[in-house]
Amino acid sequence: MSSTLLRTVPALRGAVRASGALKPASALASTSFVRSKATLPDLPYDYGALEPYISGKIMELHHKKHHQTYVNGLNSALDTIAEAESKGDFTKAASMAPLLNFHGGGHLNHSLFWENLAAASREGGGEPDGALKKAIDSDFGSFDNFRKQMNTALAGIQGSGWAWLVKDKTSGTLGLVTRANQDPVTGPYAPLMGIDAWEHAYYLQYENRKAEYFDAIWNVINWKTVASRFDKA
Amino acid sequence: MVNISSLWQYLALQSPLQSMSGEQFNITKMGLTTYSLPQLPYAYDALEPHISAQIMQLHHSKHHQAYVTNLNKALESHVAAVAANDIASQIALQQAIKFNGGGHINHSLFWKNLAPAGSDETSLSAAKDLVTAIESTWGSFDNFKKTFSAILLSIQGSGWGWLVREGGQQGGLRIVTTKDQDPVVGGDIVIFGVDMWEHAYYLQYLNGKAAYVENIWNVINWKTAGERFLGTSSSDNMPEL
Ligand SMILES: [Fe+2]
Ligand SMILES: [Fe+2]
């Protein structure tokens, strides 16, 4: 399961970067010009695994329909760009940047999201320990403080978007960022943990009561995944 | 970008419109206008089967109410910040005023440009001049519908699609989108709008937003749209910016 992710995510990072530079993602692919298609990664758990905090129906639609739409949109944007490039039509290729950002970001964000969630009966919930806990305590004062700040950031998103715990790769410090729509986390920030604040992520279960969703999701955060991202970043 | 001072003006000018239906606003002792949730001009289930009663009820009594409540809060804080000569707080509040003020304006326009399917209001014959202008702009009504629908479906994230009369009562027709709760500003006159936030359709259509867009055409209030086009709308005399 996670091998699917590992295959698609690096290809995607290349693709997202290509939106600026208009270069094929071939630098990252082992076989030079055969561009691999992004594919929908399997969830590392069942659709019902995050109940009662996130309903099975939400998970199924979110993964099978919404995420799939981003995967399809990304592949179609990449096809259009490759075709335009092959004809030397760089204006056309460049005009695809917003779609590439939206669908590429949607694919990347959801891939990261699924992996930083887990069933409450398994790795989900609780609090981080070790080096990650230390970093959170030193950069946010305490875990409780961090949680409060993250929920405030989520509640403050006006429209669709995401909130992320990030590590600034230049300073090594942790921070919180929000991103509109499907804008991916880039630049000096390594995304460690993301929460989807689009209405589709909670509406069937929580309707307009999004604060309840933002409270509930802490029961299914996979701190093991977050810690391993922290160690690698 | 929305010009904040235009929005201010817009919100200030909204009062005469709001007074149409009675207790829509109150002048407090500080001279601050507070806004309240306008009543829907139809029952929650009136737009069935195209928009479910559950959606309408949540959308109106929860979502729209939240914009009104948070707009009033932001305006109240803003008055206090002005009184205290606190410029930093005034600036910090502008985003909340724009978002919640926009949410209030947009939903107020939206409710009034919808009507029960099959009613006289949803007949194109209720907007002859507007339909003629649409046909001359897009070649045919069908082509307009197709174009408008495609633009609605291309919105990335939350937002609205609008048919506007560009630049004022003499202007041509144009389709525009605004993100999140940004209102239409800059002198364009809203003819009708469609809410493309997920909360507008998700409980009924799930991820199938194309079906929502297809069905919304059954409940567009062409009478209101036609009156806004001609500038004769009595029911919602939205002021120009
Ligand atoms: Fe999502
Ligand atoms: Fe809405």
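First residue shown is number 1, and so on along the chain.
The backbone N, Cα and C atoms fix where each Cβ goes, glycine too.
Annotation comment: TrEMBL describes A:His62, A:His110, A:Asp196, A:His200 as Mn(2+) binding site. According to TrEMBL, the feature domain 'Manganese/iron superoxide dismutase N-terminal' maps to A:39-118. Per TrEMBL, domain 'Manganese/iron superoxide dismutase C-terminal' is recorded for A:128-229.
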* Would you mind checking how many other C-beta atoms are within 10 angstroms of the C-beta on A:Asp196 (Mn(2+) binding site)? => 24
* **Chain B, Cβ under 8 Å: which of the binding-site residues A:His110, A:Asp196, A:His200 qualify** => A:His200
* To do: Could you check the binding-site residues A:His62, A:His110, A:His200 and say which one's CB has the fewest neighbouring CB atoms inside 10 Å?
  => A:His200
* Structure fact -> DSSP tally for the domain 'Manganese/iron superoxide dismutase C-terminal' (A:128-229), helix/strand/coil in that order, comes to 49 helix, 25 strand, 28 coil
* Structure fact -> In DSSP terms, the domain 'Manganese/iron superoxide dismutase N-terminal' (A:39-118) comprises 60 helix, 1 strand, 19 coil
* For the recorded Mn(2+) site formed by A:His62, A:His110, A:Asp196, A:His200, which further same-chain residues have Cβ atoms within 8 Å of the site's Cβ center? -> A:His63, A:His66, A:His67, A:Phe113, A:Trp198, A:Ala201
